[in-house]
Amino acid sequence: MLESRAPMVGLGFIVRNLGGHGYGVRSVLFSPDGTSIVSGSYDGTLRIWGTHGPFPSPLANRDPFRGHTGAITSISYSPHGTIIASGSTDRTIRLWEPKNGQLMGRPLKGHTGYVNSVTFSPSGHYVVSGSADKTVRLWDIRNEEPESVLFEGHSNWVHAVASSPHGARIASGSHDKSIRVWDVESEAAISNSLEGHAQAVCSVAFSPDGSQVISGSEDKTLRLWDVRSGRATSKPYVGHTQGVYSVAISPDGRYAASGSWDKTVCVWDIRNGSLALPPFEGHSHWVHSVAFSPCGTRVVSGSEDCNVMIWNTREDEPDGDIESGSPDSEAAEYYMPPQDGFNVQTISTPPLSRFEPIWPSNNVTGNQPRFTVEVKAKQMSSLEMFQQVVAHGCTDLSSQIDPSAYTTMAIHGGAMGDIYKGKLRSGLDIAVKVWRVSSMPEDGSRHMKRAMREIYHWSKIKHENIQELMGVVLLHNRLGMVSLWMENGNLKDYIRANPSSNRYSLCHQVAAGVSHLHMNGMVHGDLKAVNILVSENGIAKISDFDHSILSDSTLVFSETTNRGGGTLRWMAPELLLEGETPADRSRECDVYALGMTMLEIITGQLPYCEYKKDQGVIGALFQQKPPKQPVELYGTAKPRAMIWRLLLQCWDHDPTARPTAYQIRKLLGSIVS
């Protein structure tokens with residue numbers, strides 16, 4: 001039986017926890033093809049981990065790489081993945097063959113202090129090193145007896161080095177609080193040192209185009225520098241509570257990752273220097289090293305706690321056939337076969353405690369099972385769907401529901417399902433939403449699998465601002481999803497009935513719910529006020545996950561309820577303006593809709609209320625015109641001006657320029673507080 005694809009993993013969840021080293025892990029890195037991870041430790045060894053299967057295992061039927069007589073401080077892969085370089089406190093650099101762990105040639109000697117950092121040039125012909133002897137060296141490893149070029153200028157230890165993408169420049173960070181950029185051809189610094197950090201510079205990295213350098217420092221901040229001018233391009237990135245020991249930039253240049261002595265890993269939005277996601281917490285000691293995967297969707301971290309962890313930084317939802325065994329795109333790097341000649345051997349890994357995979361397990365030992373759905377060639381019946389989701393951990397509420405308390409007719413109806421009111425035997429009022437199986441796309445099986453994964457995923461999300469899926473039942477021979485009945489109805493009706501309600505607080509609550517969905521790998525797909533319910537005590541709860549569960553590009557104009565109307569006024573332009581096949585729903589689309597929903601909450605009117613007909617809205621989208629600024633957000637005084645600017649950012653026609661839901665939540669939280 002072919003191995004299935006990895007389940008969708010929530011943002012920030014630990015995807016893997018490797019363990020394995022006997023002492024702290026000082027350096028970690030993905031291989032250029034993403035099929036393995038190399039780690040270097042204070043125990044003087046390197047380990048290579050295959051990323052195949054649910055738990056990575058050390059590759060090759062041998063012990064870890066051994067050869068250094070001191071702690072390993074830094075490692076680097078050559079661009080083609082054929083050589084690994086390592087630096088050590090034994091003052092040498094060693095070159096290794098990844099396939100068999102054999103040393104290549106003699107140690108590179110020349111530094112008189114610890115080798116703190118090593119990196120390959122983009123050509124793979126050179127290795128750059130930085131040392132406690134205050135120097136940087138460039139080694140030509142094509143020669144049998146490699147010689148080095150010496151770069152001098154720092155007045156204290158060199159902690160970090162980086163090579164520019166074109167190989168023409170080298171950046172170095174030092175304990176003297178400065179960064180220097182060196183020209184390889186002239187063998188000299190290209191300008192004065194980059195100064196601004198208050199303490200030692202521990203890590204440096206170039207942007208993908210080589211125009212900028214990011215640095216991390218003991219002063220708890222990151223800084224972004226323009227290489228040509230030698231000036232900082234923004235304010236310091238503030239968020240860590242202790243020194244920043246490692247920084248990395250994603251392959252697309254949009255994000256930076258940092259590891260700190262505060263035991264956290266952070267992901268930053270380089271455009272504005274703010275946190276793109278909440279800090280990743282899981283290490284129990286200093287984080288020494290971070291690196292992005294080649295596709296940019298994962299970050300690997302190494303820590304003093306001896307562990308190597310892999311974190312999910314972006315939504316990862318496989319769309320291909322789950323049983324195909326041939327993963328595509330970004331998920332492939334974690335599910336490629338072991339390299340030829342390797343005898344993969346499973347090792348025991350430390351318990352993941354609260355960071356265990358989000359998929360259910362009936363066993364407490366062995367590999368964690370994935371959510372797999374067996375679907376026949378023809379479309380699955382409601383009973384079969386019910387049995388599948390219950391078998392995978394959703395709660396069967398059939399025995400807890402009073403069968404005589406259902407409303408005889410649906411309270412609300414829509415294109416995808418009907419809502420009935422009922423009661424639990426305890427007397428608690430519930431809402432039961434039953435699907436119309438006809439709402440499934442005709443190529444049923446793949447969508448059935450995805451739908452049931454999403455139902456399970458929704459059932460495990462617990463957040464104050466998300467309507468909880470209590471369980472499932474069969475009602476009128478149709479699959480029903482059970483949640484609490486909300487007497488206040490939807491947010492649109494609630495605002496009309498309670499005009500004095502705190503609109504900014506409601507916006508913040510909705511943003512918090514969307515942020516939590518995104519952190520758990522879900523996209524709502526149809527966010528608007530009628531799809532948000534309000535509890536008895538006035539708490540907004542995102543609901544109506546039909547589009548998240550059943551969405552497909554053919555459904556972009558479907559209604560979620562008859563009362564709600566279509567979704568055009570909330571729909572991101574990329575879903576409408578890119579030809580016959582709309583773009584897939586995404587977190588960026590949700591952010592666009594969140595902006596429109598916030599406008600709806602603040603004004604009590606539909607987005608683009610200046611246009612009575614949808615044709616006017618479409619015309620405005622073609623002209624890239626945002627909704628008219630409402631009187632509720634006129635003026636330059638805070639918070640009105642801040643919120644209007646935020647809404648305009650949410651509606652940017654470039655999806656990559658929109659803020660994240662987490663950033664929106666943080667800004668609104670500061671306003672509300």
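Note: Cβ is positioned from N, Cα and C throughout, glycine not excepted.
These figures come from a predicted structure and were not determined experimentally.
Per TrEMBL, the feature domain 'Protein kinase' maps to 405-673.
Annotation source TrEMBL lists repeat 'WD' at 18-49 (among others). Averaged over the repeat 'WD' (18-49), the predicted model has a pLDDT of 87.
According to TrEMBL, the repeat 'WD' annotation covers 65-106 (among others).
Summarising the annotation, TrEMBL assigns repeat 'WD' to 108-149 (among others). Note on the repeat 'WD' (108-149): residues 70, 73-80, 82-83, 85-89, 91-95, 155-167, 170, 172-174, 182, 184, 187 of its chain, located 6 or more positions outside it, place their CB under 8 angstroms from a CB of the stretch.
What TrEMBL records for 151-192 (among others) is repeat 'WD'. Tertiary neighbourhood of the repeat 'WD' (151-192): same-chain residues 113, 116-123, 126, 128-132, 134-138, 198-206, 208-210, 213, 215, 217, 225, 227, 230, selected by CB-CB distance under 8 Å and a gap of 6+ residues from either end.
What TrEMBL lists as repeat 'WD' is 194-235 (among others). Sorting each residue of the repeat 'WD' (194-235) by its DSSP state yields 0 helix, 21 strand, 21 coil.
Annotation source TrEMBL lists repeat 'WD' at 237-278 (among others). Taking DSSP states H, G and I as helix and E and B as strand, the repeat 'WD' (237-278) has 0 helix, 22 strand, 20 coil.
The repeat 'WD' feature in TrEMBL is assigned to 280-321 (among others).
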